[in-house]
Amino acid sequence: MTEEIVVIPGDGIGAEVIPAAVDVLKAVGDFEFVEADAGDHVKEETGEALPQETYDLAAEADATLFGAAGETAADVILPLRTAVDSFVNVRPAKAYPGVDALRPETDLVFLRENTEGVYSGHEDRLSEDLSTLTRVVTTSASERLAEYACDYVGGEGGSFQVAHKANVMRETDGRFRDAAVAVADERGVETEEVLMDAFATRVCLDPTQFDTIVCPNLAGDVLSDLAAGLVGGLGLLPSANIGPDAALFEPVHGSAPDIAGEGIANPAATILSAAMLLDYLDHEAEADRVRSAVEGVLADGPRTPDLGGDASTEDVTAAILDRL
């Protein structure tokens, strides 16, 4: 049976990088693509950034590939993650030969809790002077992330780091840390605890101290973006939002309105997200081919302006397709 992939270009450069990734997927497999819409322009036209039809398509598809959203990002990506019941956001941050990186030895994977924390939407404006935010952390969600992390590092004998701020947020981050460490201990997986602010310093000084980092929602968002600065920028970071029966894949970068429409957006992060999608659908050989092609182009060129080159999105995509 042909697998169904929903593609949502979204706003800004999403409309430029998603077609590039679709061309790559077509080059390595036989998929049925269903295009859906979401984002700022959809809200202007219909009054809602994420139509129910798009939400339903993502919930029912074998996998979904999303580009970017602008001002309506929170109204689009958070519900889409809910649609696939995504409990973990997987964010690799890797430096590639040929790319000018602050820390070329960087090779990290962030496993970020994806349903709770300060992104769970419980904000209130109580007066002209006071707004509040409720942070939600449950043992069950923390354990589910930890179980995934144990599987990710190969189970017994593996290891990962737990980044938290339990010395200050004792109840919430304390609960997260305790749950993650307890699951790892039960599975025979070694853990190292690191305070998230200390991690930010240490990873800049020597990223080889770390490999797989398990974090609460906000910390994972911030720390993985920091890691992007070590490897050459957000244009290189893919991500996967994994649920029990569905998944959503997206580049970490945003809609980049400053360059949207110029045809110079770096498609690497989106194409690498497509490689993660292939892994998820058990097409590991094809995923490896895609990653190899991207790495070859990053090493030898052509490169988009964000990486010091003058190539267009189409030029880079064509070079990747040639290698496939």
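Each Cβ is built from the backbone N, Cα and C atoms, and glycine gets one as well.
These figures come from a predicted structure and were not determined experimentally.
Here is what Swiss-Prot says about this protein:
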- ARG81, ARG91, ARG112, ASP197: substrate binding site (BINDING)
- ASP197, ASP221, ASP225: Mg(2+) binding site (BINDING)
- GLY254, SER255, ALA256, PRO257, ASP258, ILE259, ALA260, GLY261, GLU262, GLY263, ILE264, ALA265, ASN266: NAD(+) binding site (BINDING)
- TYR119: site 'Important for catalysis' (SITE)
- LYS165: site 'Important for catalysis' (SITE)
- Query: When you measure from the Cβ of ARG81 (substrate binding site), which residues in the chain that are at least 6 apart have a Cβ under 8 Å away?
  - Reply: ASN89, ASN114, THR115, ASN241, LEU248
- Over the residue list ARG81, ARG91, ARG112, ASP197, recorded for substrate, what is the maximum interresidue Cα distance in Å? 27
- Mind checking which of ASP221, ASP225, ASP258, GLU262 has the fewest other CB atoms within 10 A of its CB? They're the binding-site residues. ASP258
- Check: min Cα-Cα distance from ARG91 (substrate binding site) over recorded positions LYS165, GLY254, GLU262 goes to GLY254
- Item | TYR119 (site 'Important for catalysis') versus ILE264 (NAD(+) binding site) - Cα distance in angstrom | 32
- Task: Specify the count of other C-beta atoms within 10 Å of the C-beta of ARG91 (substrate binding site).
- Result: 26
- Note on the structure: Within 10 Å, the Cβ with the most other Cβ atoms among the binding-site residues ARG112, ASP197, ALA256, ALA260, ILE264 is that of ARG112
